[in-house]
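Asker: Below, the features straight out of TrEMBL:
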TRANSMEM  113-131  transmembrane segment
TRANSMEM  143-163  transmembrane segment
TRANSMEM  170-190  transmembrane segment
TRANSMEM  210-233  transmembrane segment
TRANSMEM  240-262  transmembrane segment
TRANSMEM  298-319  transmembrane segment
TRANSMEM  331-350  transmembrane segment
Amino acid sequence: MMSLTLKKEIQFYPVDGGLFHVYDPGTMRHFKIGQREVQWLNLLNGENDRDDLAQIIPEEHVDAFMMQAERMQLVVSQQKRRRINPLKLKFRLLNPNRMLESIPRFNLVYRKVLNAAFVISLLINIVWLTMHWQLMAGALLSFNLNMGSIIFYVIAILFIGFIHELSHSIVAKSFGIHVPSIGLMLFYLHPAFFADVSGLNLLKSKRQRINILLAGLMSNCIMVTLSIPLYYILFNHSSLLYLIYFMMLNVTIMFVNMVPFVEYDGYYLFLNLVNDPAFKIKSRQSMFNPRRAKSEHLIFGIMSNLFIASLLFSAILMIRRYVLTLTSSNLVDYVTIGLLPIVYLAFMLLQNRRTA
């Protein structure tokens, strides 16, 4: 007779009202269940079969409970081999829960300060960048790509990304959401940080969910504002160019994160606004059957593919630009031209496999 085994990595976090926040690191899925269901799940040790479970779980609930545990992929018997997406590689570095739980007051204050400072910071940035745009653009055009600038780019993007994701995590924790992991990822060939705040879907308040999703963008905005005084301090210094690059990286990340066509913050904000978690799946499917698709799904699917293609191409062109600093061979251009369609076709094949 079949017996089920609960995955060892399943994590349980008690929340208010006698409920538990359940997190599966393997699938990165979150659930909210009662204390009774947690006790039942802990009975799934690989030794207790249905008859053993029926001695503790009411007979009328046993079959439904076992089926639900399998459907939610919480048990080893139904664990499937996960497909690795080479365009979305994630490397978990740490579990910040314990640290964030030890500073609840700080989490609350951070959220309030972030929210209060954002509007003022945004207005300052808009006015200042408008006044200095030509100077900033000229400085960026004179920025030479070399090993030093690449090292600076990697360090800057990781620092900015870490502050961005940490802000998501702190604000999420201030609302009682568990953040099981922070790490590095290679997202469409671009280095970045990530924080798993997907537990925000357990929140009933849309306002709280949106606040969590906007927290990273708010931190980028404030970093730009804090850089403005340094701009005047370093005005005649050679390091001014790096400060301008740092500021524009923040501005770029803000804009990119507001785009809803790829899984950045703007995408999840969009899902919360339209109240349709399956919108992307419908949009992806519409690309393979456009005649029967709704216009909004088809438009979103087309724009999503175009935006992702631009991310892939920009990464390849950046690599090309660096390689050209090492060699002037025409072979670099030929390889680049050949890589562009190959990478895009590989992306489309991955999309097709996921849709199937």
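For all residues, glycine too, the Cβ spot is worked out from N, Cα and C.
Predicted automatically and left uncurated, TrEMBL annotations should be read as such.
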Asker: Cβ pairs under 8 Å with the transmembrane segment (143-163): which stretch of 113-131, 210-233, 331-350 has the most?
Answerer: 210-233
Asker: Hey, does the transmembrane segment (331-350) touch the transmembrane segment (113-131), meaning at least 3 C-beta pairs closer than 8 angstroms, sequence gap 6 or more?
Answerer: no
Asker: What else in the chain is close to the transmembrane segment (331-350), if you only count residues 6 or more beyond its ends and a Cβ gap under 8 Å?
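Answerer: The answer is 85-87, 305, 308-309, 312-313, 316-317, 320, 323-324.
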